[in-house]
Structures are given as C-alpha cells and as structure tokens.
Amino acid sequence: KMALQLLLHVAFLRLSATAGPSVQARDFRTPAVAWPSYFDFNWPQEVQETIQIPNNGSAPLLVDVRVFVSNVFNVDILRYTVSSMLLLRLSWLDTRLAWNASVRPRRAVTLPWDSLWTPGLTIQEALWVDWQDQSPRARVDPDGHVDLYLTLTTETNCDFELLHFPRDQSDCNLSFYALGNTALELEFRAHAVNEIVSVKREYVVRDLKTQVPPQQLVPCFQVTLRLQNTALKAIIALLVPGEALLLADVCGGLLPLQATERIAYKVTLLLGYLVFHSSLVQALPSSSSCNPLLIYYFTVLLLLLFASTMETVLLAALLARGDLRAKSGPSPTPRAEQHGHGDSEPNPEEPRVKGSRRSQAEAADHVFFLVYVVGVVCSQFFFIGLWMWATCKSDPAPGKAVPHGGQPRL
C-alpha cells in the first residue's frame, strides 16, 4: 500500500511539472502591476483598498459619463436589432490616488484599469458586446481625478414602432448598469455626443439623449437613439409596384366583356400580385401589436383585385352560357316544314333575346366598373388619412406591466 501511494505521488509530480496552466489568472490580493513611486502604498493592504469603490462619505460617488456615438448600422427591423459603435469617457474622483504635485511634478500618470477601481458596466438590451481595448488604461491627475476611455461595438434589441413603416421613427435604448454597486454607493451623470459623420444609411439618427432613471436599485444611465427611416427603398420596392398593379387592373376594366383577352389579363394580374404579396409578407416585419399599416393596405389591394377578377369571370361565364342556350335551343318551326318550304325566315325573337342578355351583362359590367373605380379612389384617400392621423400604443413589456410586478425599485 505504501508503494502504491508513492507511485501515485511521483506520477502527480510529473504531471504537474509537464502540464502548465494555459491562462494565468490574476490575483487581486497581490497585483502583478507595478505602481509608480508616487503612490507610497504598503503592500498589499493599501493596493487592495484602491480596488474598492472610493468612499465619498454619506453621498454616493459621482461618475461623469460622456457617450460619443460614432456609428449606427445594421438596423434589422425583422429581428428588431440595431448595431452601434460607442466611445465612453468615465470620470470620477479618487482622493486615494492623489499626490503632491509640488514634490513630484508630474501632470498625470496612466494606470492599468484592473489596478484601481473602475465601474463595471453591463448593457441590458445587448445581444453581444465587443470591447475594442481589452486592457484599457486610466489617466490619473495629481488631484485624484480619473479618466477612463472605453470603446465598444454592440448589437442590442430595439422595440421599433413600425405602424407608419416605411416612414417610421423609433427610440432605441441602451441601458448601462453597474451591477457591482448599489445606488447608495454610485451615481451616474450622463451626457451624449453625436459624432456620426456618415449619412448614407437607410435609418439615420435624428436625436440623441441620455437620462438617469430614478429610484433604481442598481446605478444606471440610459442612452436613447431616435432612428428615422428614409423610406426611399421601401417606396420603390413596395408602394410603386402595388399602385402600378392596381392601376393596370382598373385599365383592364375598359376591355370589352366578350373579349377573351380580358379574362386572361385579369387572371395574370391576380397571379402576379399573389406572388408579389407572398414576398411582401416575408419582407415586412410583424409584431404582437401595432403592425405596419402597409400589411392591411396590401391586403385590401389583394381583395380589390380578387373582386375585379371574379366579376369578370362571372359575367363572362353568364354571357357565354346565354349564347350557348340561344344556339342550342329548339326552333319554333319543325325541320320537315323547313325543308318543304325552302329557306325559312329567321326568328326575330332570337337575336332580340340574345341582344338583351348581352346588353344586361354589359350594363352590369359598366356599373361594377364605376363602383370599382370609386372604391379604389376612396380606399386610397382613406389610407392616406389613416396614415396621417392613425396612432397606436404598443402593449407594455412583461417586465413593466403591473400584473407581472414591474421592475424592482427602491
């Protein structure tokens, strides 16, 4: 038994000697960073205190945040996501890092961010966050003012208001939380600066603002981007083809009812619009509330085309059936008498009945055409008025609804 334990011990020593750790962990109790000689810290207690949040007495530590928005891209209304590039400048006062400038004349020093206290930020709406500088450095002034710059690229969720798509305008929020501290320890004062220089986007940033939500358990600040759709692509790809098909269908009503090309023309338009509508449904976003008005508009266009095609098919079928009955109907004069007396005179009632049926079908087609044109024009004006004055309030999120308890607050 002793020999077995000895062999296991030797094997463990060999494995420990050959297999080194792939990642070197940093021990916060004994930092590996060499501090400048300005900070006469007694290791390790003094350094450990600098990693804790500075004590500001009874008031919370005030951190000034400036958010520089440099780019907003990849606005995806189907996934309800938006990507953005930000630069954060965090400033606060830490008197433990101050030194006597008359004794040590140095304007500022730079320290690694993990060698002093820094607020840890988390974006609530983020799907992913890419911090550009994995090891940023903080600038410390002689009076203890600390400046820290953080650059990041993130993709976040956004509740787009798409009722008036493609002329929609939405507010997208980026909520930054410092989960490592409480509201009694830390407070943010945020400002936003718009540094976007590129305007060649489908969605452009019309406004940028920041706010600090009150009565939060965790210190946070919120950046709001107001995005507006330029609508040119959607108008060319959606509205123009739909209006062109509707105008072509109205013009198709001018063709004579007895022309066989009219049915083929109407059916071709209807099938083409069905293909356009199926691709349109995939291109437009859907929502649990406040769906785009264009979805209802194109559905009304589909119903109008369907009604116009059905009217043409039914009247043409009634007219053709009347002609067949007139041709195959029994003659009032027996055939034997017709052969005996030679050529008989045509029955004057037959063309009169045939002409009356044709005139009735044409009159019904003319009346339907007038009603159809009036319906199309009225539907366009109704949609324009609905577009200009219709409003919709989205349902509250489950986390903010009263039956679910709402967000935790003080």
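Cβ atoms are placed via backbone N, Cα and C, with glycine included.
Feature annotations, courtesy of TrEMBL:
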type	residues	note
COMPBIAS	336-357	compositional bias 'Basic and acidic residues'
DOMAIN	53-200	domain 'Neurotransmitter-gated ion-channel ligand-binding'
DOMAIN	255-326	domain 'Neurotransmitter-gated ion-channel transmembrane'
REGION	328-357	region 'Disordered'
SIGNAL	1-18	signal peptide
TRANSMEM	234-255	transmembrane segment
TRANSMEM	267-284	transmembrane segment
TRANSMEM	296-320	transmembrane segment
TRANSMEM	367-390	transmembrane segment
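DSSP assignment over the domain 'Neurotransmitter-gated ion-channel transmembrane' (255-326) gives 58 helix, 0 strand, 14 coil. Within the chain, the transmembrane segment (367-390) has long-range Cβ neighbours (under 8 A, six or more residues past its boundaries) at 163-164, 246, 250, 253-254, 293, 297, 300, 304, 307-308, 311, 315. For the domain 'Neurotransmitter-gated ion-channel ligand-binding' (53-200), the DSSP counts in helix, strand and coil order read 6 helix, 76 strand, 66 coil.
Below 8 angstroms of C-beta separation, residues 165-166, 261-262, 265-266, 269, 272-273, 276, 280, 283, 294, 297-298, 301, 304-305, 308, 365, 369, 372-373, 376 of the same chain, each at least six residues beyond the ends of the transmembrane segment (234-255), sit close to that stretch. For the domain 'Neurotransmitter-gated ion-channel ligand-binding' (53-200), the model's average pLDDT works out to 92.
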